[in-house]
Amino acid sequence: MAGILAWFWNERFWLPHNVTWADLKNTDEATFPQAEDLYLACPLAFCIFMIRLVFERFIARPCAMGLKIQANGPQKAQPNAILEKVFTAITKHPDEKRLEGLSKQLDWDVRTIQRWFRQRRNQEKPSTLARFCESMWRLTFYLYIFTYGVRFLKKTPWLWNTKECWYNYPYQPLTVDIHYYYILELSFYLSVLFSRFTDIRRKDFLIMFLHHVATISLIVFSYVNNMARVGTLVMCLHDAADILIEDKKMDAEMYMSNDFILQKEYVSQCRESNIFSVAAKMANYAKCQMLCNLLFAMFAILFISFRLGVYPIWILNTTLFESWEIVGPYPSWWVFNLLLLLLQLLHSFWSYLIVKTACRAISKGKVGRWNPLHVSKDDRSDIESSSDEDESFPSNQKHHTSSTNGTNKNGANKNGTNGYLTGASYPDEH
């Protein structure tokens with residue numbers, strides 16, 4: 001075990017040339033980052049998760065109720081053993097051939113089976129109330145941590161001159177503010193990383209998971225080898241663009257209230273996670289559509305300008321070029337910059353989705369819809385829309401309602417029902 005630890009903490013990898021771990025031991029005159037400092041983040045991440053549960057239950061939920069946000073989720077699919085077996089054991093998205101086979105087997109029409117699968121996919125999704133509470137928690141944390149970062153960094157010389165990040169490196173003392181900032185950010189991202197498995201499952205789950213892993217790796221890397229100054233700039237910059245539309249991206253996502261389709265993006269988890277994006281989602285859940293549109297527009301401008309403008313010009317310039325000039329490269333320097341470049345690739349991907357969403361919105365606006373940001377379908381959503389499915393069928397096709405028995409060859413009885421479903425007709429959108 002000692003050999004593995006010695007190999008992992010190899011000074012030739014982590015530190016610049018002619019620098020050893022002994023040089024960075026704490027003394028009476030100065031305190032430096034120590035790897036064991038980060039152990040505190042694990043129990044603190046659990047505490048943050050518990051605080052989140054309390055916050056959502058006793059603060060966010062009453063706020064949602066005050067805005068008349070309902071707790072009811074999507075409509076549940078009618079129980080059917082055959083379709084349930086196909087859904088759980090074979091596929092959640094049956095192709096045309098399988099739909100036709102099920103149609104003959106059940107004597108249902110294809111459209112009704114499609115609707116059943118859509119409702120079955122949706123019924124396990126969280127309610128609007130749950131999504132609002134999740135967004136309000138993230139908005140609160142991002143607003144707090146961003147405010148703290150700005151108040152702390154405005155007093156530092158490296159905010160105004162990024163070369164200060166590298167002067168006297170790595171012998172830069174660790175201040176209480178930097179230590180607190182790092183531990184809190186790392187704890188939060190650890191809690192978000194693990195809560196990804198219990199929160200709303202989105203289509204870009206793997207991408208966001210990769211984003212959070214890269215973010216945590218960057219935090220750990222920059223702390224251990226004392227790149228904390230530039231690390232604080234990276235964290236604050238990401239938090240600035242992550243307040244409006246929640247992760248992480250990442251976050252950049254919002255729902256349009258008329259069909260609850262996710263509008264993209266962030267990001268982060270972006271983390272990622274943006275104050276404007278979270279606020280946009282909350283406004284949408286509360287059905288404040290104009291405010292939602294305004295926040296999405298603000299988010300899009302802020303995200304693209306920060307992630308594709310400020311980030312490469314300000315952050316990548318100092319980590320790639322200024323640090324090379326002042327400190328010079330070494331093995332962990334390459335890893336650190338590769339992680340930063342990975343984030344830039346994710347930023348470019350999410351920016352592409354934002355522009356794509358905006359173009360669709362403008363296109364929809366030109367055909368007579370009053371809402372300039374309405375989009376019929378987006379690339380990322382945590383609740384599905386049937387708009388695309390509807391468009392694949394003639395507009396005059398009847399929606400099938402229920403009866404208990406008596407069907408003809410089309411699966412409908414004399415009163416227009418198919419004999420296999422009960423209750424009212426199925427809505428196309430939730």
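Backbone N, Cα and C define each Cβ position, glycine as well.
What TrEMBL lists as transmembrane segment is 38-55, 180-198, 205-224, 291-314, 334-355. Taken from TrEMBL, the feature domain 'Homeobox' covers 83-127. What TrEMBL records for 85-128 is DNA-binding region. Here TrEMBL flags 130-363 as domain 'TLC'. What TrEMBL records for 377-430 is region 'Disordered'. Summarising the annotation, TrEMBL assigns compositional bias 'Low complexity' to 402-419.
Within the same chain, residues 33, 37-38, 40-42, 44-49, 52, 141, 145, 148-149, 152, 205, 208-209, 212-213, 215-216, 219-220, 223, 228, 231-232, 235, 247-248, 269, 271, 273 sit at least 6 positions outside the transmembrane segment (180-198) and bring their C-beta atoms closer than 8 Å to a C-beta of that stretch. The DNA-binding region (85-128) scores a mean pLDDT of 87 in the predicted structure.
DSSP states for the DNA-binding region (85-128), grouped as helix (H, G, I), strand (E, B) and coil, give 30 helix, 0 strand, 14 coil.
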